[in-house]
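Copied straight from TrEMBL:
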- 29-54: transmembrane segment (TRANSMEM)
- 44-293: domain 'G-protein coupled receptors family 1 profile' (DOMAIN)
- 63-85: transmembrane segment (TRANSMEM)
- 105-126: transmembrane segment (TRANSMEM)
- 146-165: transmembrane segment (TRANSMEM)
- 200-229: transmembrane segment (TRANSMEM)
Amino acid sequence: MQPEARTNRTAVTEFILLGLVETENLQPMVFVLFLFAYLVTVGGNLSILAAILVEPKLHTPMYFFLGNLSALDIGCITVTVPAMLGRLLSHKRTVPYAGCLSQLFFFHLLAGMDCFLLTAMAYDRFLAICRPLTYSTRMRQMVQRILVAVSWACAFTNALTHTIALTTLNFCGPNEVNHFYCDLPQLFQLSCSSTQLNELLLFGMSFIMAGIPMVLIISSYIHVAAAVLRIRSVEGRKKAFSTCGSHLTVVCLFYGTGMFNYMRLGSEEASDKDKGVGVFNTIINPMLNPLIYSLRNSDVQGALWRVLVGRRSLA
């Protein structure tokens with residue numbers, strides 16, 4: 001039995017992604033919907049980036065972080081959706097083992113970067129509202145770049161740790177992943193070796209990547225709320241809450257679905273609920289972010305109008 005077991009340890013060289021729906025009649029509709037969502041997401045986030053670049057009024061720390069967030073949203077949806085659309089067109093659902101690991105690494109790299117970038121944005125709002133006199137020195141350009149660089153370093157460490165830990169598992173049996181992209185909870189279920197340490201690592205790293213930033217964000221906004229309530233002007237309060245409201249909405253959407261997906265001990269059978277959370281994480285969140293930040297922000301709306309209409313808007 002042992003020689004056979006050793007042979008089977010390397011039996012799985014590719015995985016089969018079952019996708020969102022297995023019914024062939026529904027696949028063309030899924031393709032059209034996800035292609036539309038991808039184009040809208042990329043177009044919306046590129047518009048935000050263009051608006052920040054062309055509008056001098058938006059050359060501030062808050063919009064520097066927002067521009068980075070838009071770039072991350074483009075990257076996050078590009079890691080998963082184009083590959084899924086390609087499989088729907090070719091009717092080939094297999095993905096090589098190395099390709100699966102690569103997708104998992106880049107997805108966790110970008111998602112982890114999102115965690116820290118949202119925390120940096122909360123810190124920016126805290127300084128702008130609670131420490132306005134020292135804001136320009138505490139959030140100077142060098143500080144912004146350091147925050148982004150540290151965020152990338154932490155996200156890279158997290159993604160690399162999970163990817164290396166996954167390579168220690170043996171896959172020798174079923175290779176059907178009940179999802180539309182490669183992710184840790186679904187791959188754990190296919191391993192023929194113990195995943196207990198990997199699951200504890202996932203839970204622990206998720207707490208560091210999500211729990212600590214959430215504590216920092218909440219504490220920042222407690223101070224922000226106290227400072228805003230001390231503002232006597234109704235117009236001043238409204239402006240402060242509007243700039244923070246968009247960020248808080250994005251934080252709730254991102255962390256709510258992320259914590260549900262990863263901070264669970266024990267492997268459960270993959271279900272449509274997990275696929276729904278995956279759709280929310282990889283498609284709906286990146287698609288909604290440009291709308292959330294532009295609908296309630298007159299500066300962004302004006303810059304977007306100038307990008308889309310050009311000189312006619314200056315008349």
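Placed from the backbone N, Cα and C atoms, the Cβ positions cover glycine too.
In TrEMBL, annotation is done automatically, which means it is predicted and not curated.
Keep in mind that what you see is a predicted model, and the values were worked out from it rather than measured.
What's the neighbourhood like for each of these?
Per-residue confidence over the domain 'G-protein coupled receptors family 1 profile' (44-293) averages out at a pLDDT of 86.
Nonlocal intrachain contacts for the transmembrane segment (63-85), taken as residues 6+ away from its ends with a CB within less than 8 angstroms of a stretch CB, comprise 17, 19, 31, 34-35, 37-38, 41-42, 45-46, 48-49, 52-53, 95, 103, 106-107, 110-111, 113-114, 117-118, 120-121, 124, 144, 148, 180-181, 250, 282-283, 285-287, 289-290, 293.
If one looks beyond the transmembrane segment (200-229) by at least 6 residues along the same chain, the residues whose Cβ comes under 8 Å of a Cβ in the stretch are 112, 115-116, 118-119, 122-123, 125-126, 129-130, 154-155, 158, 161-162, 165, 184-185, 237, 240-241, 244, 248, 251, 255, 258-259, 262-265.
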Do any residues of this chain, six or more beyond the ends of the transmembrane segment (146-165), have a C-beta under 8 angstroms from a C-beta of it, and if so which?
65, 68, 101, 104-106, 108-113, 115-117, 120, 123, 184, 197-198, 201-202, 205, 208-209
